[in-house]
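Copied from TrEMBL, the annotated features are:
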- 21-41: transmembrane segment (TRANSMEM)
- 47-70: transmembrane segment (TRANSMEM)
- 82-103: transmembrane segment (TRANSMEM)
- 173-192: transmembrane segment (TRANSMEM)
- 223-242: transmembrane segment (TRANSMEM)
- 254-276: transmembrane segment (TRANSMEM)
- 288-310: transmembrane segment (TRANSMEM)
- 346-366: transmembrane segment (TRANSMEM)
- 372-393: transmembrane segment (TRANSMEM)
- 433-587: domain 'Flavin reductase like' (DOMAIN)
Amino acid sequence: MPPTERRDRPEHRSLRALLSAYAVSQFGNWLFRTGVVYYAYNQNHGSNALLTTAIVLVYLPILFGSRLLAPLADRRDTRRTLIGLDVLRAVVLAVLLAVVWGGPGFTSAATIGVMAFLSLLTPFFTASQTAYLRRVLPGERIPSALAAVSKVEWTTFILGTAAAPLMLQVSNLPMLITLDIVSFIVSGLLLIKLAPAPALPSDAGHGTAAGAGKPRLSGSSRWLLVSVFALNAGAGLINVYPNVVARDFLGGGATWLSVINLANGAGAVVGATLAARLRGARGLRPGVLAALVVAVSLACMTFVTTAWVAVLASSLMLMAGQVFAVLFQSRILANEPVSVAGRVSGYFTLGTFAGVTVSILLFMGITSLGSMRGSFTVLLLVAAVSALVAAWVGHAASRRYGATAPEAEARKDTDADAVAEEETGPLLVRQAGRAFATGVTVASTVDAGIPHATTVNSFVTVSLEPPLVMICLAHDSQLAALVTEGSPLGITVLSAGQRDTAVHFARGDRPVGDAQFEGQAWRPGPETGAPLLEDGSAWLECRVQTVHPAGDHSIVLARVLTFTPADAPVDSPSEGPLVFFGGGFHTLGDAPSPAPIPAGLQKAEQ
């Protein structure tokens, strides 16, 4: 498919709209946030206590928002949530603008209070954004999408943080607030272009029985979150480093602050770009190496009076930090079901900003014990040790759970025997499945007028009276997100000549919605409207009765409404059904298919 055609796919258009909106809102956000902190810092004659208090008051609400608000992203329409949050933030800033214009003057406490409220909403916005991406994009595209979000974040950081101190010299705080309001309004308008994300059934993907409570994170995710916390407990000093170095050591004020922020943002953009290229078979190893680079960079950042060393070291630290963040967050999301992506995003944000808050509190405590030069050096060395701990924990998690992401594993406490079973069980099941020949079907549904289909070889007839069939779907598959009790379900039994069709609907990078049916002849089923592909061996229309969680899959039990065999009789093996065996396609009596088999089909479905 030509690159231009790939860029016109619905998920590509949605990603572009999401990134454009995020770029606009984040530019205004960084402009406002940096301007307020720098203004308050200078107004109070470089008070480290005020700088620390301002940053902590910004980050503590993020901790609460990560725990309390982020999980709400899994229960709501993510598109509407994103638009609503932009509107809410614009309204809050408009109130602040009225207060600043009508009050006796600039009040640091009032403005920082608004920043704290906006920070409370940040995890909810981030979780909704992540949940949207997780529902719309195939799993293998999540790392590159997160890297793109990170690049937008840090590109706007460069522009916003470099411009804010300089704008304060020629403008004032109300102007920064006004620009932030405009950015949120424009962002909300851009988000209207987003295609709605597939709705999730309330119990999809949880893998827990009714009444069993919230599912626990997998062991791998818990280890990785500890590593995320440890890294940010050290690297979080980057939030005070530019202000302290620019004002206390280099004496350049706004000029040096802009230079350091520009270099740091550029390093982070390079890191996010690099992270997108490092995804795949390398797994967590580049992330662990990145944590080591962060540790070395923090140690080099102690040369605060040598401008070029301080700037390059902090830039390198942020570059490595972005590689770490993208790879570790991608792995954590891959470990968990798509239906809890918002909660998982909240945990990642919680681990990140809990670490940042610890680093700021250490800054407050250690720098109060002696001279700024000596205490700041000690603090940076302590931060380097924390980054080394993060690297060790990440390496241990990689050795224990594997360097690359597994499918969403069953959530349970494990002892040594269970760990061994966890390591060998999936391999044994996959080997057993390769030894068992099955037919190949394309299962389909239609939700809110939008069709979706996927290749499935785990299709079984269950009962004659009543007539029941069953398919199995991975929790993170698009189809699993759409089918619930009462949903229409179409089954096309593929014929020997439909190998390309099987490959197409098994690919994780295919479009969503109507676009995935381009080049495929199909018709809506007369009973349910579910898509049925032409040229099949047989067709069934069904209505889903129940969906049962089963480990990392869901068992979909459906009642058969109609069954239609192909008109032409099967006179030879080459005209019979398509068969899947030993990891390849076959026809009855034929040699294995030379067609490439996507990894998703070997897992039974996408």
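Keep in mind that glycine also has a Cβ here, set from the backbone N, Cα and C atoms.
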Can you name the far-off residues of the same chain, 6+ from the ends of the transmembrane segment (82-103), with a Cβ under 8 Å from a Cβ of it? 18, 21, 25, 32, 110-111, 114, 117-118, 121, 124-125, 128-129, 132, 173-174, 177-178, 180-181, 184-185, 187-188, 191-192, 194
Honestly, do the transmembrane segment (346-366) and the transmembrane segment (372-393) touch, with at least three Cβ pairs under 8 Å and pairs 6 or more apart in sequence? yes
Should the transmembrane segment (223-242) and the transmembrane segment (254-276) be scored as in contact, given a threshold of at least 3 Cβ pairs under 8 Å and pairs 6 or more apart? yes
